[in-house]
Amino acid sequence: MPSLGADMEHGKVVEWLVHPGDAIHQGDLIAVVDTDKTLMDVESFEDGVVGGYLVDLAETVPVGTPILSLAEPGEEAGPRDERRPADEGGPVPAAPPPEPAAPPAEAEAAAAPPAVPRPTPAGRRVRSSPLARRLAAQLGIDLATVAGTGQQGSISEADVRRAAAAAPGLPAPGAPPAGLPEHAAPPPTPPQEPTPARAAEAPAAVAPAEGRTASLRASLGALMAKSKATIPHYYLSTTLDLARMGAVLQERNLARPVSDRLVPAAFLLKAAAVAAKEVPGMNGYWTDHGFDPSDRVHLGVAVALRGGGLVAPALLDADTLSVDELMQKLRDLVARARAGRLARTEMASATITATSLGDLGVDAVFGVIVPPQVAMVGLGRVAERPWAENGMLGVRMAATATLSADHRVSDGLGGSRYLTRLQELLLTPEDL
Amino acid sequence: MKTTYREAMRAALREALQRDDRVFLMGEDVGAYGGCYAVSLGLLEEFGPERVRDTPLSESGFVGAGIGAALNGMRPIVEIMTVNFSLLALDQIVNSAASLLHMSGGQFNVPLVIRMTTGAGRQLGAQHSHSLEGWYAHIPGLRLLAPATLEDARGMLWTALADPDPVLIFEHGSLYAAEGELADDAGPVGIDRAEIRRPGTDVTLITYGGTLPLTLDAAAQLAERGVAAEVIDLRTLRPLDEETILASVARTHRAVIVDEAWRSGSLSAEIAARIAEKAFYELDAPVARVCGAEVPMPYPKHLEEAALPSAARVVAAALEAVGAGA
């Protein structure tokens, strides 16, 4: 049972996505797990052949409990009965118990203490000191969310303590601002299409329980209260000229079936990610050491959930995606967020978050920064507006973009650069 | 009383010769010449040739004779000029002194004390300068002492003589001239525990013998940079006082081992392994080691210095461990 959030202690498998005898690969989805907050898909950490289930459906087990046995490809896969909830210091985290033939690095990671996710958001193994691991397990901190300042970028005790201090009660890093109108983040998405089998087997996946909505709201509220209390926000806004973007969008969409069409948000989010990469002080985390910039851009996207509440899963490396790829991933992400099928890496890794009002139609949104991030981009309704230029009045597609940024890290000048860069990028949307 | 390490050692020898008739000193040049480091200067005149005996240049011979004397009820103190030369007596030390109690089914203790000089820093070349005590620390049946302070130089010998089993005392050549205050009533000291020579909270510096002074120097420099280093003087190299080491690492979460000996297969390797075995979850940084360069000790002064641990290297390693490296 992997840790799917900083404060997750227990989870229960509500659906198996693999069957004994199935060959699976690292990253394949193997089960749907119900946490206190939502349903999440669990990815396999290994390649192998599914042996047997080690926990029963709907049985709540502690984080770290092996849930599935796995054999090396080609090896006889027999079900395993042993449950090993705990080594000294705690349960092993790997969903599949480590196989003897696993490569050393894998085995080492698999034997680590609980609540320690194997891959970082970036897919690397988390490098941390043993003390940091132990402490993170005690404090329920997800090491994948901690920025390392130790040797070779490893996470030290101090880093974990900082993370713990920065985010008590952090529900799942990446929750978007509270206190805003419920906004349907990215624009209309095609009806989500969970596989029929899944929908049939796990009806719970479709609508989060009411209690969960309330607890999600509570933890979100606590996080936002902390954000407003500890982060000195400043706010900027600008009106984006999206005439060129509108033209490119229309041109591209003409040739596509409705289901494949791009929406303005794809360009806006891509530009937001690229600008975050280029303008210092917007992308990364605030720690006790100060600002810890990230050289990758994982763009959190606020998604309104059916039944209430918000999540802000990340589009990993959003700045490197083409607009088409980003659109595709966005669609997938929104669908899964609403189906309660987010992967842990998506929930834990945002380096900056964008909130888009999409088609719900307010002009501007001034967001609340998600700690420990340092900036929040707000994108208002994209609509035709009167536009004066060169002494002439015309009608253009436009939208109000806002930036809420952390004054400890940047100031109005840097923030202005960000919004200016955002506009520049959108003036040549074909290059995005 | 202001004194030197050499004089403290001599006072210990004199006291031992005075207190127990069974004690005698033997080795190359310990009598007429006064010991090659002048530790036993004057003792021949004071105690006579029966108690302070010059031996032929035959380490295997006179160490073997010491073992025989010990088996027969005497309390010999055998001096070997340097640890390099002790290899000529390795068979006697390992196969006889260390093994006889076991091989006799517990009937024959070997109450022998062997003193030898170790370490470099005095331009004596590769055959007089090595730190091989780590090899002896490998041998069950031996106790190894490394006095690094005046108190220990003065006090360890008598405690060692009181031990019914063979004890090897390693005296770093660079320490003999060390001066300092020693209490007038200084006497025997315990030989079971390591000592914390400087308390600290940020990193544990573990060392012994000749590298203690430079390690303390490094700790002082670290303090100026805001890093509180704890300095452990092992004192006894076998058996290791694991408890003190582990307790310190549990407080500081970081360890740097300073050992003049070569790194590969060394005492520092043993200590690092034990920390990894028994304090793994306390570690917040990899265990670091500052050791001698893995070369036969060079003769030229600048090369010898380059081959040896220095306070600067210890400071750098400690800063790296606490995450404040350059």
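Cβ coordinates are placed from backbone N, Cα and C, and glycine is handled just like the others.
Here TrEMBL flags A:1-71 as domain 'Lipoyl-binding'. The region 'Disordered' feature in TrEMBL is assigned to A:69-130, A:155-210. Marked as compositional bias 'Basic and acidic residues' by TrEMBL: A:77-87. Look at TrEMBL and you will find A:104-113, A:195-210 tagged as compositional bias 'Low complexity'. For A:127-164, the entry in TrEMBL reads domain 'Peripheral subunit-binding (PSBD)'.
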For the domain 'Lipoyl-binding' (A:1-71), DSSP counts of helix, strand and coil? 0 helix, 33 strand, 38 coil
Considering every residue in the domain 'Peripheral subunit-binding (PSBD)' (A:127-164), what is the mean pLDDT value? 85
Per DSSP, what is the residue tally for the domain 'Peripheral subunit-binding (PSBD)' (A:127-164) in helix, strand and coil? 24 helix, 2 strand, 12 coil
